[in-house]
Amino acid sequence: MSCAGAAAAPSLWRLRLGARRPLSACGSRVGTRARSSGMTLDNVNRAALDRIIRVDHAGEYGANRIYAGQMAVLGRTSVGPVIQKMWDQEKDHLKKFNELMVAFRVRPTVLMPFWNVVGFALGAGTALLGKEGAMACTVAVEESIAHHYNNQIRTLMEEDPDKYQELLQVIKKFRDEELEHHDLGLDHDAELAPAYAVLKSVIQAGCSAAIYLSERL
Ligand SMILES: [Fe+2]
Ligand SMILES: [Fe+2]
């Protein structure tokens with residue numbers, strides 16, 4: 001079952017409260033540090049959270065545009081329902097990060113208009129190579145996103161698994177669904193795409209650049 005929905009708001013509030021609790025309720029040593037340099041400590045955590053939510057929102061937005069591009073070309077073919085199913089899950093992912101952005105007052109990356117065009121062009125362009133091209137794009141992108149989510153999970157676990165418990169659950173769920181998309185791509189002949197290895201490498205280099213930029217801009 002996909003994420004988001006009615007339970008999101010209270011869940012987010014718990015996460016917000018949970019994010020503050022350790023800073024004020026820990027032992028005196030940490031508490032003193034938090035009081036003496038509270039702004040700095042808060043800002044560091046805040047910056048990390050901003051970066052995570054901003055880049056994940058951008059990634060899910062880009063994924064939606066990619067699947068929109070694929071559907072524009074292949075929507076009426078035999079793989080249309082497969083692509084639509086993955087797109088529907090991406091819509092839920094984006095909805096969740098839209099909610100998180102509002103809850104945590106995180107601004108989107110300034111590159112959103114760029115990802116709008118580039119995502120659609122990537123989806124449509126690879127789909128014009130045939131369904132194998134579209135699936136190769138899916139494999140490349142989803143593998144990159146799953147890797148990116150794994151890095152975030154590692155970071156949050158090292159930071160404070162209790163504090164970030166609910167965000168971790170969201171990211172882990174989405175990571176699993178991205179891996180399902182990756183496997184669906186392989187099941188639908190991604191590796192038979194023209195110049196599969198080169199195509200995959202180029203797309204993944206683009207994903208790395210997109211992640212780097214969206215975290216920072
Ligand atoms: Fe996604
Ligand atoms: Fe996905």
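Residue numbers in this text run from 1 along the chain shown.
From the backbone N, Cα and C atoms, a Cβ is placed for every residue, glycine too.
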One of Glu60, Glu143, Glu158, Glu215 listed by TrEMBL as binding Fe cation 1 at the site of Glu90, His93, Glu178: Glu60
Where TrEMBL shows Glu90, Glu178, His181 binding Fe cation 2, which of Glu142, Glu159 is named for the same site? Glu142
Quick test of your reading of the structure: among the binding-site residues Glu60, His93, Glu142, Glu178, His181, whose CB sits under 6 A from ligand 2? Glu142, Glu178, His181
An 8 Å radius from the center of the Glu90, Glu142, Glu178, His181 Cβ atoms defines the neighbourhood of the Fe cation 2 site; name the other residues of that chain inside it, in order. Ala63, Met86, Gln89, Thr138, Val141, Ile145, Ala146, Glu177, Leu179, Glu180, His182
Is any of Glu60, Glu90, His93, Glu142, His181 (binding-site residues) within Cβ reach of ligand 1, i.e. under 6 A, and which? Glu60, Glu90, His93
Count the Cβ atoms, other than its own, that fall within 10 Å of the Cβ of Glu90 (Fe cation 1 binding site), considering every protein chain shown. 24
What whole-number Å value do you get for the CA-CA distance of His93 (Fe cation 1 binding site) and His181 (Fe cation 2 binding site)? 13
